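K.L.:
Straight out of TrEMBL:
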type: DOMAIN; residues: 23-308; note: domain 'Gcp-like'
type: BINDING; residues: HIS110, HIS114, ASP302; note: Fe cation binding site
type: BINDING; residues: THR133, VAL134, SER135, GLY136, GLY137, ASP166, GLY179, ASP183, ASN274; note: substrate binding site
Amino acid sequence: MSVILAIESSCDDTSVAICNNGKITANVIANQTIHQNYGGVIPELASRVHQQNIVPAVQQALIDAKVTKQDINAVAFTRGPGLLGSLLVGVSFAKSFALALNIPLISVNHMHAHILAHFIDDPKPNFPFLCLTVSGGHTQIVLVKDYFDMEIVGETLDDAAGEAFDKTAKILQLPYPGGPLIDKHAQKGNPLAYKFAEPQIADLNFSFSGFKTSILYFIRKQEKENPNFIAENLNDICASVQHSIIQILMKKLKKAAVEYNIKEIAIAGGVSANSGLRNTLQNMAVELDWKVYIPAFQYCTDNAGMIAIAGYQKFLKQDFVGQEVSPMARMEF
Ligand code: KG4
Ligand code: ZN
């Protein structure tokens, strides 16, 4: 029997989940809207808001899961990677909670958890599988051999795919986080309206910083000829940018599938909520005879459900950490 309380506070969402014998019975996500005023996450504000949100989020999770504090057998928390001030709130809370109830602590790597979110619902992937992890801070192709036996076989050399979405949105004067808004406008636009230079990067790696600059120059040039260019063509611009990002991601994912001779393919991380990416992957499944795994929306962007399921796997192995544990802004994969 195991009831695990999980805390996620690596960036700007305070999330608390409960895993009851391998099933997620609560997944509370308190979004921080304050950052919209600044066009990006302000670390100092994020940690302050985590501090305000964490106890109400825990109380709500206990209510949702119909359990009491005394029913909890272990506390799992995100140790890193992430914003140090944000992580500190979650880690300190988890340590205090575990100390007060005299229960074990489980340390979880945020990037492992994004991938292990695939073990929340059915169908679950079979090992080994390849996972394209695309978030605001990471873009990786991971060879997943077992729950905690993972190898990064390709990654971005500069910006992440989520940053490419968010920075493009900023150029287009859309509010933060721009990814979901680009997705929304893209659904009404022509993906082939504009073409952007595709980065030429070796192996299974990615680069998005030049791509972002090429979008900036393209928009500036168009605006010189027509100051209303963005407003008049927003849907087509979003659709074309999104299409290009998906093409860049898919090219390397296909290459990895051939190199590793693997047809079990998953996506994870915030950008895996993108409707264009999800549809493209479904089409690939038919075209290339892949078995694809796409997480439910609530488990794509940052959430404690994924920390809880990763914590559950560690609980089964009795893989605990001591009270001396501290957060890590950068954490070894
Ligand atoms: O995994 P996540 O919630 O946080 C990190 O660990 O970074 O990912 C956040 C990223 C942001 O860049 C956000 O714009 C992007 O995921 N995102 C999307 C969509 N939903 C979230 N990007 C494109 N389309 C979406 N529908
Ligand atoms: Zn994340």
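Keep in mind that glycine also has a Cβ here, set from the backbone N, Cα and C atoms.
Can you walk me through where each of these features ends up in the structure?
P.N.:
In the three-state DSSP assignment, the secondary structure recorded for HIS110 (Fe cation binding site) is helix.
For the recorded site, GLY137 (substrate binding site), the DSSP three-state label reads coil. Applying an 8 A CB threshold to same-chain residues 6+ apart, the list for GLY137 (substrate binding site) reads CYS11, PRO81, GLY82, ALA160, GLY162, GLU163.
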K.L.:
State the count of C-beta atoms found within 10 angstroms of the C-beta of GLY179 (substrate binding site), not counting that atom itself.
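P.N.:
Result for GLY179 (substrate binding site): 27 other Cβ atoms within 10 Å.
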K.L.:
With H, G and I counted as helix, E and B as strand and the rest as coil, say where DSSP puts ASN274 (substrate binding site).
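P.N.:
DSSP call for ASN274 (substrate binding site): coil, neither helix nor strand.
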K.L.:
On average, what pLDDT score does this prediction assign to the domain 'Gcp-like' (23-308)?
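P.N.:
A mean pLDDT of 96 is what the model gives the domain 'Gcp-like' (23-308).
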K.L.:
What's the CA-CA gap between SER135 (substrate binding site) and ASP302 (Fe cation binding site) in angstrom, rounded?
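P.N.:
Just about 9 Å between their Cα atoms.
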K.L.:
Once the chains shown are all counted, how many other Cβ atoms turn up within 10 Å of the Cβ of SER135 (substrate binding site)?
P.N.:
24
K.L.:
Using a 10 Å radius around its CB, how many other CB atoms surround HIS110 (Fe cation binding site)?
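P.N.:
Neighbour count, Cβ to Cβ under the 10 Å cut-off: 25.
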K.L.:
Can you tell me how many other Cβ atoms are located within 10 Å of the Cβ belonging to HIS114 (Fe cation binding site)?
P.N.:
30
